[in-house]
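Below is one structure, written out as structure tokens, with a few remarks after it.
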């Protein structure tokens with residue numbers, strides 16, 4: 001038996017109906033050939049279900065003008081065309097499946113994911129996680145055995161101040177930095193809270209399996225430094241969140257964090273353990289990976305109709321003030337971030353000084369470029385919120401190196417210029433040409449400065465000398481001990497550069513895979529016209545609900561995705577009228 005299908009010929013839709021074999025010629029131009037369609041009859045129809053009983057059959061080229069010849073069809077023609085056409089139907093079916101109407105009801109999926117994953121964490125922690133010797137009750141015996149005279153030598157008293165600073169950055173700094181959108185503050189802070197709370201638990205396990213698993217007991221022993229490293233791991237996922245802010249569901253964010261933490265632990269192990277690169281502040285491991293991971297996911301999840309929610313993409317006066325609070329928390333505590341896990345003593349001290357100076361330098365050049373880029377000389381709050389932090393990102397790798405105070409100022413000087421120019425020129429290029437919709441501009445704050453940090457770290461390591469560091473200083477700074485005792489500074493510089501490449505590869509490849517998973521229409525992500533709106537996933541206060549369909553005209557100014565019209569000479573503000 002033959003099977004039939006729909007096909008468009010000369011603007012008319014036909015269905016080929018199975019049953020009695022009939023062969024007739026019907027003209028369809030294409031490459032100078034005329035095609036023969038096989039079936040019982042040509043019957044006009046308006047539509048046929050995609051997965052119905054009508055499947056494509058033989059399309060056989062014949063001479064133009066030939067006449068029908070009944071019964072001249074071979075079975076193998078039907079089989080070959082059946083396979084090819086079925087594949088075409090499958091592809092079209094996939095397209096229709098992925099473009100079906102969005103369902104944002106996560107009443108079942110979100111609770112199930114949260115409960116199941118938290119129960120899994122409880123079980124895994126019960127099996128693997130234990131206190132280390134400095135947090136265990138046997139600390140008294142450890143003190144006596146190691147001739148420790150005071151509890152002040154417990155690592156807690158060295159690391160906890162830095163841990164608290166980093167913890168504030170993760171939960172307050174990152175969360176409030178993303179509140180610039182006029183109607184997505186709940187999602188910015190609330191989902192940041194969710195990601196970090198799940199991510200730090202999974203990070204303790206993943207990093208423990210790779211870095212601190214005791215081969216004799218099969219247990220992971222954690223202390224205050226483990227908590228800092230878990231926060232670092234979470235930071236990479238929060239950076240990635242910035243690229244998709246307002247466009248994904250909380251279930252997607254949890255899935256993205258699950259895979260992001262896993263990828264982070266692997267690339268961190270390769271860079272820090274196998275390559276033995278130094279990256280105290282995470283320019284490569286955290287910022288470069290997190291930046292390109294998020295950008296690639298955003299590229300895979302590209303929304304061609306995102307303009308339908310344009311009225312929600314802007315910021316208002318109070319939302320930018322809240323975002324600036326996040327900026328100030330991050331800016332103040334960034335020296336702690338870059339120095340938190342460096343060696344006690346001179347390394348930690350030097351990392352704080354270098355980061356402190358670099359950040360200060362970045363502020364001035366950011367303000368200068370922001371003002372110069374506008375015809376009226378006014379400052380753009382987006383630049384002040386983000387580019388002022390780029391210096392801290394770029395100095396992460398070299399923070400503990402002998403880069404010198406003036407070298408730190410130079411790095412900050414350059415980062416303020418490059419990051420601000422990125423918001424002005426590169427972000428529009430990424431969205432228009434590469435189809436990357438980067439909500440928070442993480443390319444300019446994390447990805448690009450992270451690469452700069454990797455380059456600075458590689459050059460500084462390769463240029464290190466015994467006259468500057470001292471013989472023991474080189475050994476301590478670059479940990480030239482054990483299997484790496486014979487490594488030279490030039491070789492170390494090469495491995496530093498290799499580490500940066502590893503972080504980019506993991507970010508791009510991992511983002512492509514995870515983005516494909518998140519593209520499945522099962523996660524409850526919002527429709528294009530409902531992006532950047534808290535109403536989709538949050539119960540809003542009554543006064544908000546009363547006006548949710550009628551947002552009054554507002555003064556909207558440049559945010560990370562909408563750029564001011566350059567022809568406005570007297571003001572950089574534009575009034576947007578939103579229809580109810």
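Including glycine, each Cβ sits where the backbone N, Cα and C put it.
Note that this is a predicted model, so its numbers are computed, not measured.
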With the ranges 84-103, 384-403, 524-543 to choose from, which does TrEMBL describe as transmembrane segment?
384-403
Surrounding residues of the transmembrane segment (163-181) on its own chain - C-beta under 8 Å, 6+ positions past either end:
188-189, 192-193, 196, 224, 227-228, 231-232, 234-235, 238, 241-242, 245-246, 312-315, 319-320, 322-323, 325-327, 329-330, 333-334, 336-337, 340, 382, 385-386, 439-440, 532, 559-560
Per-residue pLDDT averaged over the domain 'Ammonium transporter AmtB-like' (154-536) comes to what?
96
For the transmembrane segment (384-403), distant same-chain residues with Cβ under 8 A (at least six beyond the ends):
177, 180, 278-284, 286-287, 320, 323-324, 326-327, 330-331, 334-335, 337-339, 342-343, 347-348, 350-351, 354-355, 358-359, 361-363, 366-367, 369-370, 411-412, 414-416, 418-420, 422-423, 440-441, 444-446, 449-450, 452-454, 456-457, 460-461, 464, 468-469, 477, 496, 560
